[in-house]
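Chemist: Below is a structure I'd like to ask you about.
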Protein chains: 2
Amino acid sequence: MSKPLKIGLAGLGTVGASVVRLLDTHATSLSARCGRPLQLVAVTARSRKDRGIKLDGVRWVDDPVKLATDPEIDVFVELMGGEGDPAKAAVEAALKAGKAVVTANKAMLARHGVAQAKAAEASNVQLAFEAAVAGGIPIVKTLRESLVGNEFSRVYGILNGTCNYILTRMELEGLSFGDCLKDAQRLGYAEADPTFDIEGHDTAQKLAILASLAFGVAVDPEAVYVEGISSIAPEDLRAADELGYRVKLLGVAVKTEQGIEQRVHPTMVPKTSAIAQVMGVTNAVAIDVDAAKEIILVGPGAGGMATASSVISDLADIARGTHVPPFGLPSSQLKPSAKLPMQHHEGGYYIRLLAVDKPGTAAAIAHHLAEEDISLESIVQRRPGSHGGDDPKSASASVPVILVTYATNEDAVRRALAAVVAAGVVAGTPQLIRIEKA
Amino acid sequence: MSKPLKIGLAGLGTVGASVVRLLDTHATSLSARCGRPLQLVAVTARSRKDRGIKLDGVRWVDDPVKLATDPEIDVFVELMGGEGDPAKAAVEAALKAGKAVVTANKAMLARHGVAQAKAAEASNVQLAFEAAVAGGIPIVKTLRESLVGNEFSRVYGILNGTCNYILTRMELEGLSFGDCLKDAQRLGYAEADPTFDIEGHDTAQKLAILASLAFGVAVDPEAVYVEGISSIAPEDLRAADELGYRVKLLGVAVKTEQGIEQRVHPTMVPKTSAIAQVMGVTNAVAIDVDAAKEIILVGPGAGGMATASSVISDLADIARGTHVPPFGLPSSQLKPSAKLPMQHHEGGYYIRLLAVDKPGTAAAIAHHLAEEDISLESIVQRRPGSHGGDDPKSASASVPVILVTYATNEDAVRRALAAVVAAGVVAGTPQLIRIEKA
């Protein structure tokens, strides 16, 4: 089999340009390993500016949708991004025209993945997206193929390098969230408008894809509970450290009696766990299954070359004729995703309160927690001023108190805290961070 | 496509029995994910004793070679083990008869893998062995498929749970190698004859397979330099800890100017590195590549169910018609493996000496190292008796000295130590542990 796999590529940003480079520099090895050359025949991009990449002999096509259905190409690589058109229109046109599709577009897949998988199945072509989640980490193939003989109980991970970079610097340097965000923006780790990353939406889209692959549910970002990291204060990271934890923004998909719980939120994980060791922009995914127990993958979650490595992996699969349903199961067999109410979430909780410094405060807090059957693993209370990071104004009249609960449910914790607040024994809003066993 | 994939299974030990169980309990999901049922039709094993597994309707065949060529089966699963017959004869008969083969047999593959890959290619069938290296960790697929767009510079890992268990307990509890080995045997983590594991041969076979997948060299355990962990003393682990390292038995395959260096030996790795965090029987593989940078996979390296998970993954690939050359490249394109002489190895070294406690000793040691252009990163010398773990007899006349060198080459270190020994300024044989950047 030496007929080349002919590739049409839409989008020449960092990832697209890196794909062009890898196809060129690794051509001989790829051809040997795939049994046929991987040949870039046509590209499209927003502008024809010089990107320092070799495009000799590669046709320029102005319209992505036209490229997607170009009679010469076998596979359409979509690296434009954005959940809507032109990416969506082009991918759907390619699938309809019987072209295989490779995409890194998590936003589009999270929103339209099931319909697009259906379209791919109808045309009997591949829709592949290793690059859509966790950059260079081969998590899609691992869930979809390597662990196919397992029942999944949980998949969780650090899926957003921006957030992990910010939390790492906050922890190591004692800086505020705002200062770290500014630095991340200056260094190019965060966007000018960072909301999508820091509020957890990027993680939620990736998690929805992982949950679909692991649990056979339809990919649906609306089924994910989302909470970002902007409320995390340096004193939370300090307290976590003292209690033997680290704070990470995790995406967690877990099988419960009610269904598949999908959630993204700042999470305390034991400092000794593998996931807690993952610092900076690095990503990691941990997988709990029945047969292979616990598998953890760590690697670069972004970057042009790392993401391009995953695109090439998909292209190689297509070149060799590998054929797997996009989400592991035929799309008709994916179960509907439902958002589980977080009130039912069960686990331990970290609570940071500013307790009013007057007689009866401790008793009131203890009383309201006991009323909800919440047991405490740790209580840390410091004298005002004994902790450098706290607000000196409030420190005079109130005392920071850290509570760590044993496993309970979110409803109980929320009710107990509401009662504590109503009793007037705390200043401001209590901070609540979920604890995850890892 | 609903024609079942018909499986003949040879070997009903821990892994074989677990494969039978997974095929039964996960039948519905596997059938949905593979597009056809995975059906066990015939088995063979050394005895017909009751193993607590369901074999209703499964034919018993007495001879593995006969099972391998059984007209009813599509794929032959070899889980008997042993590098020679009957495993080898059965696998080769199956391949010749046009049956796909799945095996967990690292010893056979390390010795006969290239010839067997050639046979598989001649019959145009798959030879798959995810289970042969690192149990449940999907390292074979990751190297062969996921990272196909990368050039590899290094692959290294903890590939033997027995050794990592022993080193972990030695470190955490300050126990001797002998005591930990006895405990590992009692707990079933080490064989009655532990030589194969503790002297590094098991790791070498697995490393040879990983090196072939990563670097396109013919799998050949003879090309691997091998050194085990039996010489490691508690004082080495203590010194490592103080210097910021941990000692692990690593298999390392690294691209050098001379070729692919393959080596297995106790290795000091920085305590903060991901590989250093891997404790107990867990395995891990780290991969350094050009595009995806560094990817690390962590998981169970042994155990019936974990290894069976990898066997099922191979069966699912075969059921879906996935077709990849066994070692990534067509066997005719694998380059010959050559054993690189360790004298050329470059890196840092940890040296532990018992220096004779007399004037001129330090000067003599420093002189001989300087003669070989070896620079020292650290020197630790303790007064006799200040370190609990040393032999009280020798402590009276000699002083433990720990040296850590900057990068140098092994030849220079060996020559310098020989000169130091010849000068009569040390007692006994110096301990030497290579340091690996991780």
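Here the Cβ of each residue, glycine as well, is placed from N, Cα and C on the backbone.
Not measured: the values here are computed from a predicted model.
Per TrEMBL, the features are:
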type	residues	note
BINDING	A:A10, A:G11, A:L12, A:G13, A:T14, A:V15, A:G16, A:A17	NADP(+) binding site
BINDING	A:K106	NADPH binding site
BINDING	A:E191	L-homoserine binding site
ACT_SITE	A:K206	active site, proton donor
DOMAIN	A:350-434	domain 'ACT'
Chemist: Could you give me the DSSP helix, strand and coil counts for the domain 'ACT' (A:350-434)?
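Modeler: Across the domain 'ACT' (A:350-434), DSSP assigns the residues as follows: 30 helix, 32 strand, 23 coil.
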Chemist: Write down the Cα-Cα distance for the residue listed as 'NADPH binding site' and A:G11 (NADP(+) binding site), rounded and given in Å.
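Modeler: Their Cα atoms are separated by 15 Å.
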Chemist: So which recorded positions are near A:E191 (L-homoserine binding site), with CA atoms within 10 Å, out of A:L12, A:V15, A:A17, A:K106, A:K206?
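Modeler: Near A:E191 (L-homoserine binding site) by Cα: none of them.
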Chemist: Find, for the listed binding-site residues A:G11, A:G13, A:G16, the residue with the lowest Cβ contact count at a 10 Å cut-off, counting only other Cβ atoms.
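Modeler: Fewest other Cβ atoms within 10 Å, among the binding-site residues A:G11, A:G13, A:G16, is found for A:G13.
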Chemist: Looking at the domain 'ACT' (A:350-434) alone, can you tell me the average pLDDT?
Modeler: 85
Chemist: Please list, in sequence order, every residue of the chain apart from A:A10, A:G11, A:L12, A:G13, A:T14, A:V15, A:G16, A:A17 whose Cβ lies within 8 Å of the Cβ centroid of the NADP(+) site.
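Modeler: Everything else in range on the chain: A:L9, A:S18, A:V19, A:A45, A:L79, A:M80, A:G304.
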Chemist: If I take the alpha carbons of A:T14 (NADP(+) binding site) and the residue listed as 'NADPH binding site', what is the distance between them in whole Å?
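Modeler: Distance (Cα to Cα, whole Å): 16 Å.
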Chemist: Can you tell me the three-state DSSP label for A:G13 (NADP(+) binding site)?
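Modeler: Looking at the DSSP assignment, A:G13 (NADP(+) binding site) belongs to neither helix nor strand, so coil.
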Chemist: Around A:T14 (NADP(+) binding site), how many other C-beta atoms are within 10 angstroms of its C-beta?
Modeler: 16
Chemist: Most Cβ neighbours within 10 Å: which of the binding-site residues A:A10, A:L12, A:V15, A:A17 is it?
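Modeler: That would be A:A10, with the highest Cβ count within 10 Å.
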Chemist: Please list, in sequence order, the residues in the chain of A:K206 (active site, proton donor) that are at least six apart in sequence and whose C-beta is under 8 Å away from its C-beta.
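Modeler: Those within reach of A:K206 (active site, proton donor), by Cβ under 8 Å and sequence separation of 6 or more, are A:K106, A:A110, A:A132, A:V133, A:A134, A:L159, A:N160, A:G251.
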